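Colleague: Next up is a structure, given as structure tokens.
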């Protein structure tokens, strides 16, 4: 249905573009390109919540449109072009793989604003990039994982070996290690963002090998559903979205999801669309986190002891206040060479290009 | 790398779970192809089974009822394919692909209100004596009922095709529909029944995904399992026993590579993931390079339309 309206508006947009180019626009149209279905309960779901927040904030002054499950690659370029033609004033492309398509289309539509999530290319003045400091959330859940594990083995389901994911792994492990010096990290690569059966298999493989706290960097809730089968002897975290359905087990005991890292895109989307409407819009490279409310830790459930909850909350408060950076030295690289000296914090450039594990993680990063 | 972390008992147990959806879909598709029909809509029937099974299970609280409804839904969906290809003589490849697209769309429409919900899943069976055996008890005899039903279906299909008169007729229809027709067999009726059996099996396989393996409904959750089932049929060169081996091999390699990674192995994992597909291509090349052998493998009339007056 959405696709059909899109086509219809594309046709209308064409007429507009050629027939009456000077027609004034009183409604701002914000469009969103999603990599998965809105119902994934994770990554795409959260972006869509942000889109709905824009509508909620500005009411009749904005119009929103979106398309789900757009493959990364040539199809993305076609979809983005179609959106630009259909009269979108600002287009948010919400996956790393849309980086080149976004820039290609932006070259052809200088009057349309493009916002690409998690990428780094801003080849044209109308392309901005935005991301969130998810590693801040990983630090908090890493601390909880280190405290909660009974087997001293914690797991991480990786999607693809890109800096974003490696940053998350390092932050998670570093803080688990600070909380529990005996902790060991097991990383499994799923090589997909979304394949519930495979994500469940990855969780199962780690559970079978004695891992009892797992965090995922994939988009669905399947790992939590798999952990739930352990019946209270293993734990996991909501990823991207709160995944509150897994907070309690069927028998009422606190369930496999003990906390979550929520991507809260609403403040950013509302701000940017607002700026576009009042004329203060400028090209930016945004990388916000807990202080701006873009990374939020969901309710910690009662499986976590009170003192651990308090410690986690203290860490959240310190990061939010800007007093603590999750990558603060002393930290060494995996090969033992020095990376950060005592008290030194990592610069954004190193983080965004991160291609090494920190000391203590076993195994290599696949290429 | 520490391979001693991999517990073979748990590994084989999780391979059996992981392979069950593709085993069910593949054994059904094998029967369809044995009757001379190529149904490429397995993915669509699986995901329809997944969503219908989930909806029924969540509303009734009875997962087995979910499985039964999923089988019926799969069979009904495949019947539309059967009517189009057998009665209206449409192209089987195009219609099958259409069936996949319809299934994917229909399931996401039906499943919208059920996203993110939890369902009751099938309990693990506790078989007296057998489940308490050391090693094999945990490995083979502590699964849910559907794992055993899937194995029973494989044995039943094998026995049906090999030992029964009806099985012989089905094979005759697949090998030469003209001759079967001349002998007075109802080619179209046989094929429609085979197609519905295939649809029911694919529906069961899909429901196993949404009710046991993952257990939840997520749009697009089959993620290509139906295509793997089609590959397994070719890999198995249309034999029930080899379908079992193929499904456990395909499912097993996914689980094995994840286990190897969790044990710390980082090299060669991608090659392992690739291997079942490479083997399938090799089997295909082998079959088609040897004309005299091919008559024993693919049904001779696979994918051809039949019309009695031609």
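Using N, Cα and C of the backbone, Cβ positions are placed for all residues, glycine too.
In TrEMBL, annotation is done automatically, which means it is predicted and not curated.
From TrEMBL, for reference:
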TRANSMEM  B:6-25  transmembrane segment
TRANSMEM  B:37-58  transmembrane segment
TRANSMEM  B:64-84  transmembrane segment
TRANSMEM  B:93-111  transmembrane segment
TRANSMEM  B:140-161  transmembrane segment
TRANSMEM  B:192-211  transmembrane segment
TRANSMEM  B:217-236  transmembrane segment
TRANSMEM  B:243-262  transmembrane segment
TRANSMEM  B:268-287  transmembrane segment
Colleague: Determine which residues of the chain contact the transmembrane segment (B:268-287) at the Cβ level, with the cut-off under 8 Å and only residues 6 or more beyond its ends counted.
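Modeller: For the transmembrane segment (B:268-287), the nonlocal Cβ contacts are 228, 231-232, 234-235, 237, 249-250, 253-254, 256-257, 260-261, 293-294, 297-298.
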Colleague: Give the nonlocal contacts of the transmembrane segment (B:243-262) in its own chain as ranges (CB under 8 Å, at least six residues past its ends).
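Modeller: Non-local partners: 3, 5-6, 11, 14-16, 18-20, 22-23, 26-27, 30, 151, 154, 228-229, 231-233, 235-236, 269, 272-273, 275-276, 279.
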Colleague: So are the transmembrane segment (B:64-84) and the transmembrane segment (B:192-211) touching or not, going by 3+ C-beta pairs under 8 A with a sequence gap of 6 or more?
Modeller: yes
Colleague: Looking at the stretches B:37-58, B:140-161, B:192-211, B:217-236, which one shares the most CB pairs under 8 Å with the transmembrane segment (B:93-111)?
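Modeller: Most contacts with the transmembrane segment (B:93-111): B:37-58.
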Colleague: Pairs of Cβ atoms less than 8 Å apart decide it: which stretch in B:37-58, B:140-161, B:217-236 has the most with the transmembrane segment (B:192-211)?
Modeller: B:37-58
Colleague: Which sequence-distant residues neighbour the transmembrane segment (B:140-161)? Criterion: at least 6 residues beyond either end, Cβ under 8 Å.
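Modeller: Same-chain residues near the transmembrane segment (B:140-161) but 6 or more away: 12-13, 16-17, 20, 23-24, 27, 30-31, 34, 64, 67, 121-127, 130-131, 133, 167, 170-171, 201, 204, 208, 212, 240-241, 243-244.
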